[in-house]
Every structure is written in structure tokens, then in C-alpha cells.
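Right, one structure below, let's go through it.
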């Protein structure tokens, strides 16, 4: 049973603070091992990849080949049933058309002085996409990471996916093909991250690495940051459901469990204005757990990290929502539009009783890579913006330099930077 | 004398690779000391800040006060001469009006199925701005970091600035006032970063920390990342100047030295199509060094990291530009507009002979916080986007759920996530 909090109880503040600061991840210190692997891949290239893959994935890349071939990808297409393939295509197309709207526009203009200013956006040239192997090898995740890169115009989208015992999920290959992935390598762990960052004989280096992974992958991404860009380091998934008593308790329970089944460290929280409705949802959770394939994981998550919070009214809930800054927020109330403007911190918002968060995981069109662990206070979900960068552009002629130069010289002198002052003044003395 | 490379020499590739991979920073390992300081500030709050400030800055905060008062800020206004104050105001206003154009717009729409999708941008609620103390305490840097936050609508902009021996640059206070900084604390180092991230009795925590600092500040920012957001970790500054022989060699030399005077680890590179022009610039650099107040720093930078590169024509230079991915790029050639579309990787681009990079440092209006160390391959200069975040919004009714639901269920089942499938299916069976 999840913990119960009530905003009107005297102990609420302490209990809510405890919920906010709860550590849900045991951080493994693998930095030293990872540093060794990275140095070895830098020194020995492909040979190191072959050795680590034999050791960690029990796969002989000398036989299997480092790169997945076009023939293998075509064969994977044949292994996927028509319904799943259609669903993947629908997801791809919806993600693509939504993300196309995110493409930033160049902006060039002249100001009142005649100074030319501009912002020029260009795609990153090459991106590495890490895809976990085995059970956590999700085709939806391939789409969510690769399609925004495809939309941005990234020329090389390079996938690394470990194949434990040689196994590779055909759905992952199909998703990669749909999303325009240009190269796929059968490598994982810190060695894959090192290969993407520094390159080997076979793999040309990329400029940025994205995608989820285990503690070794996360540590490796942190260590190569600077040499390449990285995306956020994702924590366990979370949902916060605001629901009134007019909901079907079973629907809400299903949403809480959908999040909980991801990971024993996932977190599902219900905020409602009726204790009786919270009771009903809790009962529905227990009931549904009986028939769930991942009941062990989902049950542990709900027991250890789940919560129901009772508030007098939903307006009272909004400060709690913003402090929790959830990855996913469902507004399953009569008038969600009254609450929406009050949401300040949330990765993704799901409006109304017929928008379960799971739609956003797959086919809504928005991205499912979202800020966890309260980082929605300062960061956003994955988007096309993560695959482009902006150069600012400035253009003056002698006239504009004459107008702006004296102020630049004054500030340079005030900062004690004489060469700065000279670089402007020398152009004004003619 | 800086090194000379020629694209047509047989050894060019190796020499250029060496230039690309040159390490300009000795990274100090201060992680353990910083971790101790952070833990201490978390445990003891203000008392720890007082102790560290006494130790590192020789300042008694018990007497001086942790917060800078409104009276002190007004007094600082009186200490700044009119010319400098006007220059700061001009810089502020130009930065503000340029950055106002960067504000992203919300986007809500219904697709062909009637699904509501949206992107909703909100400002980060509170941001910490670290400002180095002593000599490197630049008012222009305060403007560049704080004005985009002001434009974004950040409610709390909290500045931390160390005051060694109690000294505080009045220009920094004036810049802070212009830029709408709401609170200023007399603290620095890892202890300031910890206070901003976790809060103390006096200082409420922020959600993101930006601004340059020494090795301790950089290490502290890395360690608190996750609890709060951070900006990029900036390396030594760089300029790449493309200049033909129709330039005044003195102007170009002045630009190279303006960058070099920042730091002995700064880097200035000239690419030109005439060896004779490179000779002339080199001679001008040596000549100007004789009369430069920071000749020691600038000379060391030019000698150790400077370079001139000779190319047959400027079209040949563009692949080199994009591999170098410079923080600052000057296009001082007859037809810069012919080269501009070929620039893929650069933090900021300065067009023509009358746009020295220094204009962008102060009064151009664009930001001077830019990606260093080749990170323009994957990242952008500071902008309003660094102070806002996006929530995605999704809205379905029963009709749209009926249309998208089956694909979501198919994908959830293919991924082995039964609770996901149930959360959608349970809403379709009614």
C-alpha cells in the first residue's frame, strides 16, 4: 500500500518534503571502471570493442560483424507482424509531424542603427543514439530519440545497441529504419559510448550522444561530455495524476500501474479531493496487480514510492504539483483548462479523462523522453532543439561602428582590457 | 611567434589534427575538496558560508552581512562615471532588445484526427548567477548572463559574488541593478554554488545556476547538477579570423590580441590566402604587444596556442573552420556573404571588416557567453532558451482515443508492458 498524505494534516509539510527529497536511485560508483574502458577504446579502437563485447555480451564481433547489415534490417522487417509494423509507422509519422513544428527559424534583421543581427540554426552533423539491449530494448524509444534528429536534418544518426548472446530485437531494427538511422553497431556499455565519442577504425566519431542506458552508460556519457554533447541523464519514470471522484477508479489505477511497471524505482502519485476516491483507487490498484505480468515490479514501486495525497480542492494542489515538477502530469478533472494555466513545472501534461499518459509514450506525437527527478523545474523534454545549434551573426559597417564603438571602448577600459579597446578604437581612428 | 600551417604542405593534416586536439587547460582535480564543502553547507547552512568566507575571502560576513543591501547598490551607482554608466545602459538595452526576439512561442493545435497537441513555455522560477570576484569580475558578463533571464521572466535572479578582503566592483552592482538581479550575496567558490543549489537559512534555493568560475566553481556546478540545472562549463576563449590581404594588418592583429589578452590559455587563429599578409599580421602582433598592458598574458597565448594557416582560397578554409568550430569567427573578406552559408559550426559570426569580435563582447546585442573548445559542433551560445522550459500538452477525447488506442495497445504489448496496454484498453471497452 502506498503512503497517504492529507494537506490538512498537521504533519503534511514534513511528509511532503520527505516525498520530494526521497532518493529513488542507488547510484553505483562505476566511474573508475568506465574511465579504464574509455581509455582502452581510445587506444585500441575496434580491437577493444571486440574484446569487451566478447566479455560482456558473450558475442564474437569478429564473426557477427561490428555493423548490422542492410540484409539483417530487411530480414527484421519480415519478422514483425503487420499490426505492430503499422502501429510503429503510425507512431513514426505522428512523432515526425509534431516535431516538424519545433524546427526553429533563422532570424536576420537590421536594428534602428543599421546594425545587422541574426540567429542562424544548423543541424548537428552526426549524432550517436544509445539503445539498451535485451528486455529494455524499446522500439518506441528508438523512434522518440531518432525522429527529432531526422526532422532536424542530422546527416549521420549512428545507433549503438548491445546484443547479449547475439540477440537483437527486430522491432528495434525496424524502428531504426523508419527513423532514418544511418549506421547500426552491435556494441553497448561504456565501450559503445567511447567509440561514438572518439571513433575507431570502423566507427567515425559523432558530435552528440543521446539515449538511455544503465549506470555504466550514464557514467561514460558524463565522462565524454565536452568532447561530445550529451542529453540529460534520465532517472526512474514518474506520473502525477490529479483526479476527481467523477473518474472511474479502475482507469486511474491502471495509469498509476502503467508507470509503476517500468521500474521498481518508478513513482506514481495520485492527488484527489476525496479520501473515498483515493480508497477506491488503492483498492483497484491492489486488484489489478493480481493479473499483471510485471506485478512484482509494479507492486514494489507502488509500495515503496507510491502516494495518494488528499487536498480540499484542486487549486490547493497546484503548488504541490509545481514543487513535485513531475515528468508526467494527468489532469483528469471536470475542468482541466482551469488548472492548466497554473501548471508551472511538468515535463508533459495530459488533459482530460481520455488522455492516459501511455498515449504519449507511443502515438500521441509528442516526445516521451522527459525530465525526471524534479528536473522539469529547469529542463524540457527531448525535441528538435536538442539536435540543432545556433550561431549568432553580427554585421557593422563603418557608420555603425562609429555609433557603437565608443561605448565598447569605454566598457573595455573599465574592465581593464586594453587590447579589446584597441581592436575597436583602431578602426575608428580612420 | 605563433605556429604557421599551410594547407598545401604535406604535413598539414597532422599539424591541423594537433591543433584540433591541443589541450589548453590543465584540469585541476578538486572534486573531493568541493564535495566536502558542499556537504558542509548542506549541513550547517549560513554558518558554513561564514566560515568559508572568512577562510577563503578574508571577509567577516557576520559584520559585512551576507546580502548586499539596496543602500550599497545605490552607493555603487554614485561611484561609476557617467560615460561608463551610459555605456552599460546602452549594452543592457541592446542585449535586451535582441534577446526579446528569442522568446519562444506557445504552440497549440488540433491535428487531422482532432487530437490536441501543444508546447507550453514557462520561465524557470529562480536562477543563480555566479560572478567571479576580483580582477575577473566583469560587468559585461553580469549583463550577458542576467538580461536573458530578465527577458525570459525569471522571478528570482540571485547573484553570488565573492568579495576578497571585502572588495566588490561597483560596476558589477550597477550591471546587476540594470539587469534586474533581485538578490546579491557576498559569497563565492563551491560554498556559493552549494548555497544556491540547496539553500540556507538566508538564501532560498534556485532551480538553475549559470555563470563562469574557477576550477572549484566548475566542479561544484558539476556536482550539484541534477539537483539544479547548470549552463555549460566554459573553457578558455577563442577567435578564428578569416582575412584576405585587403585588410589592414594592424586591425587583424588587434583582434587576435583582444582574444589572447583574456587568458594565457586563450587561442587566436588567423586563416588567410596570402603568406605575405600572415607575415604582416605576425609583425603587427609583435609590435602591438610592446604597448599592451596585458602583454604577458597575450604574448603567452599567441606563442603557445596561436596559429596562422595559409590556404589557396577561402573556399578551402571552410572545412577547417567547421572542424575547429570556433567560439568566435570573423569573416574579414571582400564577400563574406559567399562564405556565411558554408559555416556549419561557430558560436558567433562577425561579418566584414568593421565588425571586430569585441563589439559582440559588449554592445552588439548578441550574447558573449558562447561555446568553447569545439563545442559549437553541438551547442549554442547563451540565450533566453536557457531560462525557459517547455511542457508538452496532449488532449484526446473518446473519439481520438478510439482511433489511436489500438496502435498504442499493440506497441505496449510488443514491448511486454501489459499495464501500459491496460491503461489504454480499459478506456476503449466502454
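Easy rule for this one: first residue shown is 1, then count along the chain.
Backbone N, Cα and C define each Cβ position, glycine as well.
Automatic, uncurated: that is what TrEMBL annotation is.
The following features are taken from TrEMBL:
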type     : residues                                        : note
ACT_SITE : B:327                                           : active site, proton acceptor
ACT_SITE : B:328                                           : active site, proton acceptor
BINDING  : B:130, B:191, B:214                             : NAD(+) binding site
BINDING  : B:237, B:259, B:262, B:328, B:361, B:415, B:420 : substrate binding site
BINDING  : B:259, B:262, B:361, B:420                      : Zn(2+) binding site
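If you draw a 10 Å sphere around the CB of residue B:328 (active site, proton acceptor), it holds 28 other CB atoms from the protein chains shown.
If you compare Cα positions, residue B:328 (active site, proton acceptor) sits closest to B:259 out of the binding-site residues B:130, B:259, B:415, B:420. Listed recorded positions (B:130, B:214, B:327, B:328) with a CB under 8 Å from any chain A CB: none. It is 47 Å from the Cα atom of residue B:420 (substrate binding site) to that of residue B:214 (NAD(+) binding site). According to DSSP, residue B:361 (substrate binding site) is assigned to a helical segment. Spanning the listed substrate site, residues B:237, B:259, B:262, B:328, B:361, B:415, B:420 have a farthest Cα to Cα distance of 56 Å. Considering only the recorded positions B:130, B:191, B:214, B:327, the residue whose Cα is spatially closest to the Cα of residue B:259 (substrate binding site) is B:327. When the record's NAD(+)-binding residues B:130, B:191, B:214 are compared pairwise by CA position, the greatest distance found is 13 Å. Note on residue B:214 (NAD(+) binding site): other Cβ atoms within 10 Å of its Cβ, all shown chains, come to 16. Take the Cα of residue B:361 (substrate binding site) and measure to each of the recorded positions B:130, B:191, B:214, B:327: the nearest one is B:327. The Cβ neighbour count for residue B:130 (NAD(+) binding site), using a 10 Å radius and every protein chain shown, is 27. When the binding-site residues B:130, B:191, B:214, B:237, B:262 are screened for a C-alpha within 10 angstroms of the C-alpha of residue B:327 (active site, proton acceptor), the residues that qualify, in sequence order, are B:237.
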